Amino acid sequence: METTWAAGKMAPFRQGVQAGVAIAIGYMPIALAFGLLAKTTGLTFAETVLMSIVVFAGASQYIALSLLTAGTGVFEIVLTTFILNIRHFLMSASLNEKAEPDALWKKALYAFGITDETFSVAAMKEGTINASYMFGLIAMAYGSWVVNSGIGYAAGAGLPESLQESMSIALYAMFIGLLVPALKKQRKIVWLAGLSALFNSIGTFALHLSKGWSIVLATLLSAIIVQWLTKEGGNGGE
Amino acid sequence: MNSTIVWMIIGMGVVTYLPRLLPFVLLGGVELPSFWQGVLKNVPYAVLGALIIPDVFFIQDDFWFGVIGFAAAVITAWLGANVMIVVLAAVAALSLYSLFV
């Protein structure tokens with residue numbers, strides 16, 4: 001990753017904090033909107049903030065709100081959340097390959113903070129990751145998520161509508177900013193990302209899979225097929 | 001607080017944490033076969049592809065909204081800008097676009 005702001009010999013925690021700034025900004029509009037929406041759904045302030053503290057998963061929390069509004073039962077909401085978050089299993093398994101040895105309790109602590117965004121940033125970091133780096137990264141992301149959920153609830157819309165709409169691109173732009181430099185370096189990565197994007201589109205539009213399953217299957221299929229085709233050429237990664 | 005909601009939140013928390021935690025516990029010191037190590041090293045790039053497409057094109061009802069944000073991000077990233085600049089450029093491009101729509 002060719003970033004100037006995450007490079008150098010900085011302490012891992014500070015490096016993580018700096019890398020987390022983009023996530024903190026990207027989470028802001030989404031968390032504000034979540035807080036606002038939770039209020040209109042009829043949750044109390046405490047319930048809203050508690051959900052962000054305990055769950056820390058954007059898409060799941062949004063879907064829980066819409067299911068609550070639709071009068072869906074608690075069990076179905078929890079089940080939907082599970083299906084949506086199975087993809088994190090794959091991400092944790094992948095990070096485990098990149099992680100330096102740390103005490104299991106530290107890994108168990110930072111495992112809580114693995115989201116699509118913290119995973120992507122950590123996975124694209126050069127070299128290994130350790131607990132200090134992950135704590136810095138997650139502190140920024142989690143802090144932004146929880147605090148902005150509360151602000152969204154308390155302050156209503158928070159941001160002007162047009163800015164909120166424009167900022168909805170922020171996390172996608174971050175994913176693109178992480179992926180493109182890697183794409184430029186290696187043809188294999190073009191295949192990995194391209195195939196997975198194609199499979200996810202097929203899963204979404206043709207097979208009508210849930211978002212969670214579609215991402216899991218697209219990622220696994222693409223990672224396996226490309227690995228199988230290139231296994232003579234050394235192993236993956238950089 | 002409504003106790004049904006609190007139980008729902010706890011349930012959501014458990015099923016969200018388990019998939020995030022289990023690989024670290026199960027794979028802790030296990031040396032996977034090299035094929036699967038390779039697959040797991042491929043996962044980040046594959047995940048990014050799936051996280052971006054197709055969702056980025058449907059963040060608003062207006063399809064062009066996603067297309068323009070996507071294009072702005074890809075172009076700035078391609079030119080070598082760091083992640084923060086890419087994010088700001090995409091937001092700026094869409095702010096500009098919404099002025100004209």
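In case you wondered, yes, glycine gets a Cβ from its N, Cα and C as well.
Please treat TrEMBL annotations as automatic predictions, because they have not gone through curation.
If you look up TrEMBL, you'll see A:20-38 (among others) marked as transmembrane segment.
The transmembrane segment feature in TrEMBL is assigned to A:45-64 (among others).
Residues 55, 57, 59-60, 63-64, 114-116, 119, 210-213, 215-216, 219-220 of the same chain sit 6 or more residues outside the transmembrane segment (A:70-90) yet have a Cβ under 8 Å from a Cβ within it. Feature annotation from TrEMBL assigns transmembrane segment to A:70-90 (among others).
Under the heading transmembrane segment, TrEMBL lists A:133-155 (among others).
Look at TrEMBL and you will find A:167-183 (among others) tagged as transmembrane segment. For the transmembrane segment (A:167-183), the list of distant contacts is 1-2, 22-23, 25-30, 116-117, 120-121, 124, 159, 189-190, 193: same-chain residues at least six beyond its ends, Cβ to Cβ under 8 Å.
Long-range contacts of the transmembrane segment (A:190-207) within the same chain, counting only residues at least 6 positions beyond its ends with a Cβ under 8 Å from a Cβ of the stretch, are 179, 183, 213-215, 217-219, 221-223, 225-226. What TrEMBL records for A:190-207 (among others) is transmembrane segment.
Residues annotated as transmembrane segment in TrEMBL: A:213-230 (among others).
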Distal contacts, the transmembrane segment (A:20-38) - CB-CB under 8 A, six or more residues away: 5, 47-48, 51-52, 58, 61-62, 65, 117-118, 121, 136-141, 143-159, 163-164, 167-168, 170-171, 174, 177
